[in-house]
């Protein structure tokens, strides 16, 4: 069976989409190819790397990437993680399903916000898996 493709998108591909890619690979990796991208590329936030390391997921080798049109158009599901990405998501072909899962941006906030958003993303992906 071929794996489906899920593409997580946020503004800068720095925090939320990076954590979603890490969780997605861990939770959905048997059934889904998991990618992330951004409307812009801001670099992976070191606190996002640390937050995921705290739960045993290494995203230190991730890179911050602009949305890849090839991945976007070949995805089965595109998930926007912030309102900016939701509003500015490129037009998708009819074959690509899009969902919006909004999460607060932890960038520039206290450590506890990174942990909270990380855990909320995990819960959303676990919930998605059981649909």
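Each residue, glycine too, has its Cβ placed from N, Cα and C.
What Swiss-Prot records for 10 (among others) is active site, nucleophile. Just so you know, the Cβ of residue 10 (active site, nucleophile) picks up 28 other Cβ atoms within 10 Å once every protein chain is counted.
As annotated by Swiss-Prot, disulfide bond applies to 10-82 (among others), with the evidence given as sequence analysis. When secondary structure is read from DSSP and collapsed to three states, residue 10 (active site, nucleophile) falls in the strand class.
There are 23 other CB atoms within 10 A of the CB of residue 82 (disulfide bond), with all protein chains counted. Annotated active site, nucleophile per Swiss-Prot: 82 (among others), in sequence order, evidence recorded as sequence analysis.
Listed in sequence order, the residues of the same chain lying 6 or more apart from residue 89 (disulfide bond) and placing their CB within less than 8 Å of its CB are 9, 78, 80, 98. As annotated by Swiss-Prot, disulfide bond applies to 82-89 (among others), with the evidence given as sequence analysis.
Sequence annotations record features per position, and here Swiss-Prot assigns active site, nucleophile to 89 (among others).
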